[in-house]
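**Student:** One structure follows; several queries about it will come next.
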Amino acid sequence: MKKIAILTSGGDAPGMNAAIRAVVRTAIDKGLEVMGVQRGYSGLLNGELFAMNRTSVSDIIQRGGTILRTARCPEFKDEEVRKRAVKILNAYGVDALVVIGGDGSFMGAKLLSKLGIKTIGLPGTIDNDLAYTDFTIGFDTALNTIVDAINKIRDTSTSHERVSIIEVMGRDCGDLALHAGISSGAEAIIVPEMGEFDRDALCRTILDGKNHGKTHSIVILAEGIGGAEELSKYVQELTGIEARATILGHIQRGGAPSASDRVLASRLGARAVEVLLQGETSRVIGIRDNQIVDQDIDEALAIESKFDLDLYNVAEVLSR
């Protein structure tokens with residue numbers, strides 16, 4: 001193996017730059033050439049590749065987003081399109097590809113592997129929705145961004161004695177909502193893993209809190225449930241307490257990565273190169289029990305949700 005390429009795909013996550021830096025510098029240290037691919041699989045199809053060196057990744061570990069840019073590429077599901085991508089990689093002399101992203105990005109990597117390109121995936125998504133790894137790159141930073149926002153919302157919620165319903169990211173995974181809820185002392189946490197929730201029970205919880213002296217309530221809602229605006233109107237109507245909805249949106253994706261995300265991304269990126277040099281392909285890198293691990297992509301994606309029911313139950317007790 002002489003040359004590898006690296007791309008970021010799907011939604012951006014803080015810490016992606018730290019991972020890029022780790023891959024590039026580890027690869028160069030091992031005597032490999034490195035190429036960056038701009039704008040994910042879409043950029044790959046357009047031949048947007050460029051040579052990278054140590055200087056290319058100087059002063060980026062503290063930056064949010066991704067210097068390689070990112071994009072979604074639904075056409076990559078077409079095998080003929082993927083064959084075109086392989087021809088482009090071959091034309092540049094690329095032997096292996098490191099992909100930073102989520103499950104969709106990993107599927108693209110797996111399919112490229114079947115066409116002869118060695119691939120390794122790094123988990124870059126704020127949702128923490130890849131069950132094979134304890135944490136994904138970007139989760140910790142997004143969590144801290146959310147908690148900071150909740151703290152500010154709580155200030156105004158307290159002043160106005162109102163209910164604040166805060167919607168956070170997490171389409172199929174409630175980890176952000178759960179961890180943010182317990183970190184901020186929320187009165188209720190609503191996540192997709194717990195099934196359909198009872199709006200009337202939520203209203204009773206809020207009224208019970210008021211009867212015990214609570215002057216305001218914070219409710220954290222995962223976007224996979226959605227409907228924050230509608231829920232706030234329902235709560236206000238049934239409880240008689242003013243309620244407001246806040247959808248945090250893309251602020252959760254931005255900002256300088258936390259120290260934890262920088263360390264995680266650096267460890268994962270370095271291991272990705274080591275696994276490639278061992279001749280492995282179609283693998284993903286993750287962390288379990290603070291140990292860096294690698295696993296077959298299919299096996300990793302087949303693992304069911306790792307939602308922490310024990311932590312949810314702790315949050316339920318502490319919110320009363």
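Placement of Cβ uses the backbone N, Cα and C atoms for every residue, glycine included.
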**Student:** If Swiss-Prot gives Arg21, Ala22, Val23, Val24, Arg25, Gly185, Ala186, Glu187, Lys214, Thr215, His216 as binding ADP, which of Arg69, Arg154, Arg253 does it give for that site as well?
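**Tutor:** Looking through Arg69, Arg154, Arg253, the residue Swiss-Prot assigns to the ADP site is Arg154.
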**Student:** Which single residue out of Gly11, Gly15, Gly31, Gly170 does Swiss-Prot record at the ATP site shared with Arg72, Cys73, Gly102, Asp103, Gly104, Ser105?
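**Tutor:** Among the candidates, Swiss-Prot records only Gly11 at this ATP site.
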**Student:** Let me know the DSSP-derived helix, strand or coil state of Arg21 (ADP binding site), please.
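**Tutor:** In three-state terms, Arg21 (ADP binding site) counts as helix.
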**Student:** Determine, to the nearest whole angstrom, how far the Cα atom of Met169 (substrate binding site) is from the Cα atom of Asp127 (active site, proton acceptor).
**Tutor:** 7
**Student:** How far is it from Arg72 (ATP binding site) to Thr125 (substrate binding site), counting Cα to Cα, in Å?
**Tutor:** 14
**Student:** Give the sequence-ordered list of residues that share a chain with Gly11 (ATP binding site), lie 6 or more positions from it, and have CB atoms under 8 Å from its CB.
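**Tutor:** Same-chain residues close to Gly11 (ATP binding site) (Cβ under 8 Å, separated by 6 or more) are Thr70, Gly101, Gly102, Thr125, Ile126, Arg253.
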**Student:** Drop a 10 Å sphere on every Cβ of the recorded positions Asp127, Glu187 and tell me which sphere holds the fewest other Cβ atoms.
**Tutor:** Glu187
**Student:** Using the CB centroid of Gly11, Arg72, Cys73, Gly102, Asp103, Gly104, Ser105 as the ATP site centre, which other residues of the same chain sit with their CB within 8 A?
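**Tutor:** Not counting the recorded site residues, we get Ser9, Gly10, Gly40, Gly101, Gly108.
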